[in-house]
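What follows is a set of notes on a single structure, which appears directly below.
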Amino acid sequence: DNSSWVTEFILLGLSDTRELQLLFFTLFLLAYAMVLLGNLLIIVTVRTDPKLSSPMYFLLCNLSFIDICYTSVTAPRVLVALLSGHKAIAFEGCMAQLFFLHFVGCSEMFLLTVMAFDRYTAICRPLHYTAIMARKACWALLAACWIGGFIHSTVQTVLVLRLPLCGPNTIHSYFCDVLPIIRLACADTTLTEWLMASNSGLISLGCFLVLVASYALILAKVRARVSRGHWKALSTCASHVMAVTLFFTPCIFTYLRPAGAVTTNKYVSVIYTILSPMMNPLIYTLRSSEVKESMWRLWKRCRA
């Protein structure tokens, strides 16, 4: 039983300097507040405006919910640690954080892929769009995203729980993740490292390649069309490309390699755990006139 060997872990965080810790606390607090407020605003806007009932906005609303859950797995614990200096986390809490991080994170990868499929269908097969992206189909795709994330996270967590953790308990990061914990195992972890790299890494790379391929097909489809509607669709796709690049690139860099190959840069983790969920509301709302107009109508209703 691992808990009889290691009962808690020490998260070293981003810095040992008190001044830098206070700076990071301020930045993380502002970023987390933007994640909560921005994504909650999108959820409320989409849910209260009947004009935003298309599958694209249904998926966007769920992406905002996932971003809130994803950031909430790590941010509150980081903020408390930065402010209080308490860096210890119980073994059970660490495993729970690892499980939910990969559960929600993998679900977001699948959801972004579904959103790319939605844009491809709307642009390349407009006559069949209503039938393909019916509400039941959207719910089925959303359920598949969550189920896929759950299976992925369960596999990751089970592999970590099987590791013999009998020695050091210091994690060189600000949250519990697979790779830092593998380095603490007191046994040969070569097979486990490759299994985890093929799991998380290949899922990240596979989803990203599917996304790139879908947007390439969209670009080829609208290349010869210059109508306002197609340029608008292309602009929407451009915002999606910005979001997925910001999220997938550091994930691929982190997970598509064995744990001992290169020391993971913990600052890279900030991009996909904090920065990407914070940027998603800005990217999607600033590139969508419908969402901005709906937010303005919501603001006027609240003031009335």
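A Cβ is built for glycine as well, from the same backbone N, Cα and C atoms used for every other residue.
Annotations in TrEMBL come from automatic prediction, not curation.
Listed in TrEMBL:
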{"type": "TRANSMEM", "residues": "20-44", "note": "transmembrane segment"}
{"type": "DOMAIN", "residues": "38-284", "note": "domain 'G-protein coupled receptors family 1 profile'"}
{"type": "TRANSMEM", "residues": "56-75", "note": "transmembrane segment"}
{"type": "TRANSMEM", "residues": "95-117", "note": "transmembrane segment"}
{"type": "TRANSMEM", "residues": "137-155", "note": "transmembrane segment"}
{"type": "TRANSMEM", "residues": "201-222", "note": "transmembrane segment"}
{"type": "TRANSMEM", "residues": "234-255", "note": "transmembrane segment"}
{"type": "TRANSMEM", "residues": "267-286", "note": "transmembrane segment"}
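Panel annotation: around the transmembrane segment (234-255), residues 56, 105, 108-109, 112, 115-116, 119, 123, 178-179, 196-197, 200-201, 204-205, 207-208, 211, 215, 218-219, 222, 264, 268-269, 271-272, 275-276, 279-280, 283-284, 286-288 of the same chain, lying at least six beyond its termini, place a Cβ under 8 Å from a Cβ of the stretch. Confidence for the domain 'G-protein coupled receptors family 1 profile' (38-284), expressed as mean pLDDT, is 84. Sequence-distant contacts of the transmembrane segment (201-222), counting only residues of its own chain at least 6 positions beyond either end whose CB sits under 8 Å from a CB of the stretch, comprise 106, 109-110, 112-113, 116-117, 119-120, 123-124, 152, 230-231, 233-234, 237, 240-241, 244, 248-249, 251-252, 255-257. Long-range contacts of the transmembrane segment (20-44) within the same chain, counting only residues at least 6 positions beyond its ends with a Cβ under 8 Å from a Cβ of the stretch, are 13-14, 60-61, 64-65, 67-68, 71, 75-76, 78-79, 82-83, 85, 274-275, 277-278, 280-282, 284-285, 291, 295, 298.
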